[in-house]
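Listed in TrEMBL for this protein:
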- A:1-30: region 'Disordered' (REGION)
- A:7-19: compositional bias 'Basic and acidic residues' (COMPBIAS)
- A:229-287: domain 'CBS' (DOMAIN)
- A:310-330: transmembrane segment (TRANSMEM)
- A:336-363: transmembrane segment (TRANSMEM)
- A:384-407: transmembrane segment (TRANSMEM)
- A:413-437: transmembrane segment (TRANSMEM)
- A:449-472: transmembrane segment (TRANSMEM)
2 protein chains.
Amino acid sequence: MSEAAPEIERPEPVRPGPDRDDEAEHEFGVSSEFVNGVREKLEDGRIGEVEAAVSDLHAADLADLVEQIGPDHRGALIDILRPGFDAEIFAYLSPSLRDVVVDQLEPRELAAAVAELESDDAVDLIQDLDADQQREILENLPPETRALVEEGLTFPEYSAGRLMSRDLVSVPQFWTVGKTLDYLRTETDNLPEDFYDIFIVDPMHRVVGAVPLSRIMRQKRSVKVGDILTEDIRTVSATTDQEEVAFLFRQYGLVSAPVVDGAGRLLGVITVDDVVDVIDEEAEDDLLKLSGVPDTDIYRAVLDTTRSRFSWLFVNLLTAILASAVIAVFEGTIERIVALAVLMPIVASMGGNAGTQTLTVTVRALAMRELSEANALRVVAKEALVGTINGALFAVIIGLVAGLWFADPLLGIVIGSAMIINLFVAGLCGTLIPLGLARLKIDPAVASAVFLTTVTDVIGFFAFLGLAALILL
Amino acid sequence: MSEAAPEIERPEPVRPGPDRDDEAEHEFGVSSEFVNGVREKLEDGRIGEVEAAVSDLHAADLADLVEQIGPDHRGALIDILRPGFDAEIFAYLSPSLRDVVVDQLEPRELAAAVAELESDDAVDLIQDLDADQQREILENLPPETRALVEEGLTFPEYSAGRLMSRDLVSVPQFWTVGKTLDYLRTETDNLPEDFYDIFIVDPMHRVVGAVPLSRIMRQKRSVKVGDILTEDIRTVSATTDQEEVAFLFRQYGLVSAPVVDGAGRLLGVITVDDVVDVIDEEAEDDLLKLSGVPDTDIYRAVLDTTRSRFSWLFVNLLTAILASAVIAVFEGTIERIVALAVLMPIVASMGGNAGTQTLTVTVRALAMRELSEANALRVVAKEALVGTINGALFAVIIGLVAGLWFADPLLGIVIGSAMIINLFVAGLCGTLIPLGLARLKIDPAVASAVFLTTVTDVIGFFAFLGLAALILL
């Protein structure tokens with residue numbers, strides 16, 4: 001068994017980090033050079049060249065172009081895209097620019113474009129418009145499309161019902177593979193463009209299973225689909241939250257899943273491309289909420305953005321004033337030892353940062369379902385311990401620095417002790433706050449950071465200045 | 001045209017926010033009750049019941065169970081899973097627990113389990129093991145599997161070559177639909193379990209196009225695949241970074257993409273389920289780097305976690321000491337007006353928060369390719385303006401508060417002016433720092449936050465205390 005040990009030769013690991021955002025090296029998508037080129041052509045009035053440049057672009061790339069071209073050239077670009085406007089572009093546009101483009105198109109143009117969309121994309125677009133715009137578009141849609149879209153809008157926002165497409169392939173279980181293939185060959189006009197599973201339904205149109213296309217293709221024509229179906233498939237209720245849908249696809253590596261009503265009847269299908277969008281949205285959501293930003297739309301108007309950021313900053317101002325009130329309690333102490341004023345931001349800042357580390361891990365673990373009641377206690381204890389150990393390490397460092405700086409060993413002991421206390425509190429609150437909020441059914445991402453920094457500021461200043469008043473005076 | 005306006009009836013939008021993290025309401029995955037139930041059965045030694053409970057679980061759910069059961073019961077659970085261990089579990093386990101499980105299994109058991117995996121999953125598992133473990137497993141693998149895995153390991157880490165599976169379906173372009181179907185029906189053993197596209201290759205095995213399964217199924221047997229292929233498909237080079245791959249799938253809604261070598265020859269296929277993992281990883285990456293956490297692995301040992309958090313906190317300590325040094329410059333001023341010590345954290349804290357808002361939006365926009373050289377200047381100008389407007393608003397608020405609190409209107413003017421300056425700087429640096437780092441090919445997520453808070457702390461203290469020294473003394 002012991003031959004020459006195999007040499008595992010391979011290049012040094014290349015981390016994507018360093019050059020991940022260098023546009024010039026992106027292989028796919030529109031480049032800055034391309035955008036600048038279109039801009040120049042628009043400025044020179046070379047309309048035909050712009051038409052040629054954009055004619056082969058995927059809707060997603062067109063949307064990027066509309067976004068990046070800037071407000072001065074956007075109107076002219078949209079006018080060029082206007083004849084037979086591809087409504088799929090909307091699916092990829094930032095919300096604020098979606099409104100801009102919608103406003104520029106006539107209701108009839110818009111309705112004609114929307115009529116070309118699959119029902120889920122049409123619902124996705126229309127749900128965000130205001131009531132007047134919705135009405136105008138719906139009035140101009142063909143009756144069947146309109147009925148599907150209106151039905152889609154009856155499902156709760158962020159539900160599987162809004163995500164699903166009504167275009168799917170379902171056959172009864174007594175059909176053979178051959179009959180199914182023949183059906184697909186004759187019904188080509190009524191089939192969705194892309195599908196990955198054929199759903200098998202009973203006479204009441206309830207889902208009894210699914211056959212992936214890759215399986216049906218391997219079977220002889222005489223085989224019954226009922227004999228090759230996967231029975232144990234995961235169906236999604238139309239009212240299921242989209243986050244739950246994302247979990248389902250991620251957990252089990254699905255490419256499509258059937259959506260059913262309360263009685264188990266097949267309503268529609270959700271495909272993985274829609275779920276990828278949801279995954280992006282949810283990840284973004286956590287990131288933004290932890291930083292107190294309501295959205296990532298870099299195309300929103302200045303005043304809208306200012307207003308949307310104001311409220312988080314206002315809450316932060318209140319907590320900062322609270323921290324100042326704590327400092328004010330020790331005004332007399334600071335007056336006598338001004339070194340305290342110099343050093344006091346350090347303890348609070350370290351607590352805030354250590355707490356944010358813990359908080360981020362906890363919020364992410366909650367979102368990814370890694371943290372549950374089954375292991376919560378263990379994680380809290382671990383984070384408190386991590387905080388205490390790091391607190392002790394930094395106590396030694398800052399204790400030496402402060403003691404030498406102000407030639408006062410006692411001052412070093414004071415700041416070191418405060419550091420241990422605050423980093424222990426940071427570890428404890430960095431887990432307990434999000435877990436507590438989740439328990440109270442409040443989204444932990446949105447409120448945890450404010451609570452946490454309030455605690456680490458207040459405890460940081462109070463421990464440092466309080467210990468100083470006790471020990472140094 | 002003006003009939004009765006259609007009533008758009010629909011329920012009030014239900015935001016997933018409030019109850020998103022209530023375990024009891026999750027429809028899919030393992031529940032805390034289930035985990036606790038298994039734990040109890042293990043404690044009572046009811047092994048048969050545990051075997052029954054876990055026998056139907058998907059590998060992803062088994063992995064969650066192994067994670068959440070806790071260290072005291074993990075060994076016993078793995079012993080139960082041991083006969084015919086399903087190596088797919090590894091794909092879903094936290095890295096630190098992966099090591100724990102690998103250590104508990106014999107090399108032969110491990111190799112037998114790995115041999116059952118598709119080549120991409122085997123590579124994914126083996127690449128993270130240490131050299132000895134790699135060698136032991138590779139030695140025990142069947143020769144063909146071993147060759148595929150060793151070849152997979154020659155591609156750079158985080159590249160398409162590591163992500164791709166070697167199991168795919170390709171046919172020459174002169175084949176008919178009928179011949180292709182017959183081939184699929186006879187070759188069942190050598191086909192991948194799931195596939196979504198059939199790749200069409202020329203005699204040199206270069207990719208000339210693809211036919212989605214949903215299209216080939218609609219065609220008559222006599223049609224040539226060369227006549228129904230999509231020519232304009234996006235191929236991925238084996239050395240392409242996985243983040244670029246994620247962009248490709250997200251941008252164009254793909255479910256699979258062919259991977260080619262330098263000469264355009266077909267090497268493998270990447271499917272969307274692998275890309276979903278990459279998207280999760282990349283989103284997590286940004287979140288963690290902005291908070292200074294190296295990973296989200298809540299199962300890492302306490303000392304490992306402590307060490308991994310230390311370095312970020314250490315950098316933060318240096319910037320906090322730098323801020324203290326700025327304060328120290330104004331020691332004399334603070335000694336005379338102790339109110340300054342009380343108020344000074346406010347300006348720095350508001351600058352830090354406003355800057356973080358801007359930074360988060362910028363980093364995310366860079367990651368999602370919404371921000372490029374084509375629109376960078378506009379975004380910088382916008383954020384600086386947003387910062388200045390919010391700075392002015394908060395200047396009025398804090399100016400009044402501080403002026404009344406310390407009965408000194410001039411103090412109000414000083415803190416208000418410092419606020420405007422710091423929030424303008426926060427907006428400017430919150431965009432310029434990540435853009436500058438991206439330009440220097442440094443990952444903006446990892447280093448921006450430190451630079452930013454250093455700037456907002458230093459400017460915050462300097463502007464406030466400096467103006468105070470100028471105006472109040």
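Heads up, the Cβ atoms here are built off N, Cα and C, so glycines get one too.
Listed by sequence, the residues of this chain that lie at least six past the ends of the transmembrane segment (A:310-330) yet keep a Cβ under 8 A from its Cβ atoms are 292-294, 340, 344, 348, 450, 453-454, 457-458, 461-462, 465-466, 468-469. With a threshold of 8 Å between CB atoms, the same-chain residues lying at least 6 positions outside the transmembrane segment (A:413-437) that come near it are 343, 346-348, 350-352, 354-359, 362-363, 366, 371, 376, 379-380, 383-388, 390-392, 394-396, 398-399, 402-403, 443-445, 447-448, 451-452, 455-456, 459-460, 463-464, 467-468, 471-472.
When pLDDT is averaged over the domain 'CBS' (A:229-287), the result is 91.
Broken down by DSSP into helix, strand and coil, the domain 'CBS' (A:229-287) contains 27 helix, 16 strand, 16 coil.
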